[in-house]
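Asker: Copied straight from Swiss-Prot:
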ACT_SITE  Asp70  active site
ACT_SITE  Glu135  active site, proton acceptor
BINDING   His68, Asp101, Glu164  Zn(2+) 1 binding site
BINDING   Asp101, Glu136, His350  Zn(2+) 2 binding site
Amino acid sequence: MTETQSLELAKALISRPSVTPDDRDCQKLLAERLHKIGFAAEELHFGDTKNIWLRRGTKAPVVCFAGHTDVVPTGPVEKWDSPPFEPTERDGRLYGRGAADMKTSIACFVTACERFVAEHPDHQGSIALLITSDEEGDALDGTTKVVDVLKARGELIDYCIVGEPTAVDKLGDMIKNGRRGSLSGSLTVKGKQGHIAYPHLAVNPIHTFAPALLELTQEIWDEGNEYFPPTSFQISNINGGTGATNVIPGELNVKFNFRFSTESTETGLKQRVHAILDKHGVQYDLQWSCSGQPFLTHAGKLTDVARTAIAETCGVEAELSTTGGTSDGRFIKAIAKELIELGPSNATIHQINENVRLDDIPKLSAVYERILARLLAEKAV
């Protein structure tokens, strides 16, 4: 196998306009390719979402790669320097929607599997891939549903690598070994609409909420710890008023979000918000939505193996980090003993002219192969 195979597979995937939750047969392509080296494929589709569980072997330990074939919309196509679904090599980079997030990672792991199986046909344990077409969307019928199926039948993962783009300045310089939780609130502050010249006949919800808002934004929710920064509270939207300048609004709508560390809990944060609102006499309705709990993989075998593979291939020392947004790792951690995220540069994800460095592609595949070898080869390498 030559080093161009990862690039060619990445191009084949990028050329399929799989805007979430559309898969455009990307998973079929992966299944056909991996079938040739002994992977069994199980389709687990829910609604418009396509998921596939691919596995070679029946024994532990199970090394799983998790990824998604869906991509975000392109944005204005005319602003791209080349068509977003026509993978283009230019200036030492591969351009196309999904190049970084995350079709290159998928391609690199598949080719890593091909080389590893050719070298170690009787490897220990099992290799698996969990691929969904619903990561960039609502993420309701994707990985979370597959995890439910696997959990129900007692199918666990020992080591999981999520192929999200994690590199900052150079391939391999960062490994995500955890993520913060995400808790959102949709708050409706109740008032009484009236003429702005007669405030005594109305209740201005903006005014009643203002003291509570100040306290919420100044509250220290926790101090964080050695793995996580302090929990953050951010207002994303505030809407009130009719648009007229002479009407006191009858209600105020506020949307906010917590990114919380393992030092806080979903229940605890909710209780503290309600206590602050009640303290200031705010009349309100509040709806909550938690899209993920914080999780952490402590430094151990998987992080050690990954850092060694990166050092040998890329010549850099990987930093362990929990920064950034959420990923499907938040679902998989329920059945995975150790989980990390490791992929190409995240500098252009979701942007116009999304791209990856061409010379990073064979390196990433080599990193994945070294990880497989150190975890599953017949003999330690």
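Placement of Cβ uses the backbone N, Cα and C atoms for every residue, glycine included.
Mind running through what each feature is packed against?
Answerer: On its own chain, Asp70 (active site) has Ser18, Val19, Thr20, Pro21, Asp22, Asp23, Thr132, Ser133, Asp134, Glu135, Glu136, Gly137 as residues at least 6 apart in sequence with a Cβ closer than 8 Å to its own Cβ.
Taken residue by residue with DSSP, Glu135 (active site, proton acceptor) is part of neither helix nor strand, so it is coil.
Within 10 Å of the C-beta atom of Asp101 (Zn(2+) 1 binding site) sit 27 other C-beta atoms, taking all shown protein chains into account.
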Asker: Roughly how many Å lie between the Cα atoms of Asp101 (Zn(2+) 1 binding site) and His350 (Zn(2+) 2 binding site), rounded to a whole value?
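Answerer: Approximately 8 Å lies between the Cα of Asp101 (Zn(2+) 1 binding site) and that of His350 (Zn(2+) 2 binding site).
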Asker: Please report the number of other Cβ atoms within 10 Å of the Cβ of Glu164 (Zn(2+) 1 binding site).
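Answerer: Glu164 (Zn(2+) 1 binding site) is surrounded by 27 other Cβ atoms within 10 Å.
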Asker: According to DSSP, does Glu164 (Zn(2+) 1 binding site) fall in a helix, a strand, or coil?
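Answerer: Assignment for Glu164 (Zn(2+) 1 binding site) reads coil.
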Asker: Mind telling me which of the binding-site residues His68, His350 has the densest Cβ neighbourhood, counting other Cβ atoms within 10 Å?
Answerer: His68
Asker: Note the Cβ centroid of His68, Asp101, Glu164, the recorded Zn(2+) 1 site, then list each other residue of that chain whose Cβ lies within 8 Å of it, in sequence.
Answerer: Gly67, Met102, Ser105, Glu135, Glu136, Val162, Gly163, Pro165, Ser327, Gly343, Ile349
Asker: Once Asp101, Glu136, His350 are set aside, which residues in the chain still have Cβ within 8 Å of the Cβ centroid of the Zn(2+) 2 site?
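Answerer: Going along the sequence, the neighbours appear as Val71, Val72, Gly98, Met102, Ile349.
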